[in-house]
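Enquirer: Below are the structure tokens for one structure; questions will follow.
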């Protein structure tokens, strides 16, 4: 890069900035003055002392990296996840190129959306039933 810029004449390196707007209006306030009056507030969430799942994953990976045999497995798992991601992207693009499949899948999605609206959202007792199902599922997942 340095050699290329040394060969280019300096007259070509200077770029003029021309304004496309001939009539410039001035703002009634200064944006810099407005930035000075803002308060910087930082907040830190106070937890109950339990680690979040992302912290547990980070600790697990750090512990696995310390052991040599686990490094190989961890590298293989990372490589396999990258290959799986690449293959899924290619599979989706191949399915999208087929003539009938995308329209059929779109029809299935629209049909299911209308069914869900009719089944759970249209009438009040059905909405309450959906709320109970969601609440029970959350308690089962979170273990409360």
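Keep in mind that glycine also has a Cβ here, set from the backbone N, Cα and C atoms.
Just so you know, TrEMBL annotations are computer predictions that nobody has curated.
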Enquirer: Need the matching range: TrEMBL marks transmembrane segment on one of 35-56, 101-122, and I'd like to know which.
Expert: 101-122
Enquirer: Going by DSSP assignments with H, G and I as helix and E and B as strand, what are the residue counts for the domain 'Cyanobacterial aminoacyl-tRNA synthetase CAAD' (59-143)?
Expert: 78 helix, 0 strand, 7 coil
